[in-house]
């Protein structure tokens with residue numbers, strides 16, 4: 001049985017931000033959410049987040065995560081002081097306590113499982129995660145014997161010049177037998193350069209403590225500033241992109257592509273440069289995305305093409321072509337075999353199968369039938385200044401260039417709208433609509449106009 005405690009009370013001053021450090025986003029999730037996610041496969045009996053700086057904001061940001069407990073550290077006096085706040089909440093607990101910093105977003109569940117197994121097999125009072133770094137600057141040092149039993153732990157700022165030569169560092173992940181730690185916590189002293197209560201001071205007081213090295217140093221990258229945040233994002237993206245390329249997805253110029261972990265891709269999808277896939281996006285086999293496109297929270301069926309376009313909260317059926325320079329947003333549904341072309345915006349709109357909107361159009365709050373052709377420059381005037389109104393366009397209807405459809409409006413099946421028309425009334429099936437001024441031609445008007453102006457000037 002294990003209880004998890006996540007340290008999320010610090011401000012993170014080096015981030016230079018009003019936002020608490022643990023709430024900074026990495027690939028669509030906050031740092032602390034990623035840590036919480038990493039402990040889920042361990043099936044902990046309780047998950048406790050220790051909050052402090054802007055605690056209400058931190059708690060609000062995680063309100064949707066079920067069965068999460070919060071304990072407040074009103075004054076931030078170090079990691080040991082943070083764990084002291086758990087004493088009244090774990091009075092009768094006799095199991096293990098796994099402690100992680102809330103700024104370790106790349107830690108893997110497998111690493112934590114291995115650490116817990118080592119802890120149990122060796123009946124340790126405590127087990128800590130360590131690593132060897134070529135440049136350990138900024139990390140606390142761990143000193144062990146040949147059997148990886150910890151002899152001493154020293155924070156970087158408290159290290160002597162000789163101690164700083166040690167490259168074995170504390171990764172900020174601990175597993176304690178809680179009863180042993182609970183006895184030591186009240187007696188911690190702030191005898192250090194920071195005048196803080198260090199959890200590391202408790203390590204050598206609880207009994208046998210073993211160090212376990214992490215295999216991949218990238219997992220223990222702590223996020224203290226924007227540079228480290230960017231580095232973590234690069235590592236995360238490398239993991240994601242390698243996964244999909246090995247699964248049969250082609251990424252052309254992977255360095256210029258970003259893919260959230262929540263995205264699902266099928267084999268034989270091709271992603272061109274400068275394309276960004278975000279949120280709960282699913283792209284099925286044979287689709288070709290990019291270059292220069294953003295797909296967010298959208299589902300694309302087989303053999304869809306998207307070029308230089310933005311697709312958000314939309315569904316696109318098989319064989320449809322989007323772009324270049326199209327914008328789909330607000331729960332758009334595009335049927336099979338459609339074309340949404342140059343400078344077309346769709347908002348909260350449904351297109352039937354084999355419907356085309358190829359050029360320079362805005363279609364909003366509209367249901368469009370099958371085999372409809374939206375002429376260049378067609379606009380749905382759906383907003384009256386107070387409310388947005390719906391438009392319905394029947395099957396096989398064709399709108400001429402530069403048409404304006406003033407909602408609320410219903411066009412039946414097989415309707416033809418003449419170019420330049422402004423349509424304000426419902427149109428029945430099989431109708432032709434001409435809603436524009438009659439053309440008037442005045443021969444020689446320009447010559448007469450010039451002559452009149454010349455005469456006026458000589459008066």
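The backbone N, Cα and C atoms fix where each Cβ goes, and this holds for glycine too.
If you look up Swiss-Prot, you'll see 359 marked as active site, proton acceptor, on the strength of sequence analysis. Per Swiss-Prot, UDP-N-acetyl-alpha-D-glucosamine binding site is recorded for 7-10, 21, 73, 78-79, 140, 155, 170, 224, 329, 347, 362, 373. As annotated by Swiss-Prot, Mg(2+) binding site applies to 103, 224, with the evidence given as sequence analysis. Annotation source Swiss-Prot lists acetyl-CoA binding site at 376, 382, 383, 419, 436, citing sequence analysis. What Swiss-Prot records for 1-226 is region 'Pyrophosphorylase', and it gives sequence analysis as the kind of evidence. Under the heading region 'Linker', Swiss-Prot lists 227-247, citing sequence analysis as support. Annotated region 'N-acetyltransferase' per Swiss-Prot: 248-459, in sequence order.
Features as recorded by Swiss-Prot, highlighted on the structure.
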residue	record	DSSP (3 states)
9	UDP-N-acetyl-alpha-D-glucosamine binding site	coil
21	UDP-N-acetyl-alpha-D-glucosamine binding site	helix
103	Mg(2+) binding site	coil
170	UDP-N-acetyl-alpha-D-glucosamine binding site	strand
224	Mg(2+) binding site	coil
359	active site, proton acceptor	strand
382	acetyl-CoA binding site	coil
419	acetyl-CoA binding site	coil
Separation of alpha carbons, residue 224 (Mg(2+) binding site) and residue 7 (UDP-N-acetyl-alpha-D-glucosamine binding site) (Å): 14
Whole-number mean of pLDDT values that fall within the region 'Pyrophosphorylase' (1-226): 94
Candidates 21, 329, 383, 436 (binding-site residues) - the one closest to the residue listed as 'active site, proton acceptor' by CA: 329
Entry from the binding-site residues list 329, 436 having the most other CB atoms no farther than 10 A: 329
Alpha-carbon distance [residue 436 (acetyl-CoA binding site); residue 329 (UDP-N-acetyl-alpha-D-glucosamine binding site)] in Å: 31
Secondary structure of residue 78 (UDP-N-acetyl-alpha-D-glucosamine binding site) (DSSP, helix/strand/coil): coil
Whole-number Å value of the largest CA-CA distance among 376, 382, 383, 419, 436, listed as acetyl-CoA-binding: 22
Spatial neighbours of residue 140 (UDP-N-acetyl-alpha-D-glucosamine binding site) that are distant in sequence (at least 6 apart) but have CB under 8 A: 153, 154, 155, 156, 169, 170, 200
Assigned element (helix, strand, coil) containing residue 376 (acetyl-CoA binding site), judged by DSSP: coil
Cα proximity to residue 103 (Mg(2+) binding site), best match among binding-site residues 9, 78, 362, 383: 9
Protein Cβ atoms within 10 Å of the residue listed as 'active site, proton acceptor', excluding its own: 15
Candidate with the highest Cβ count within 10 Å, taken from the binding-site residues 362, 383: 362
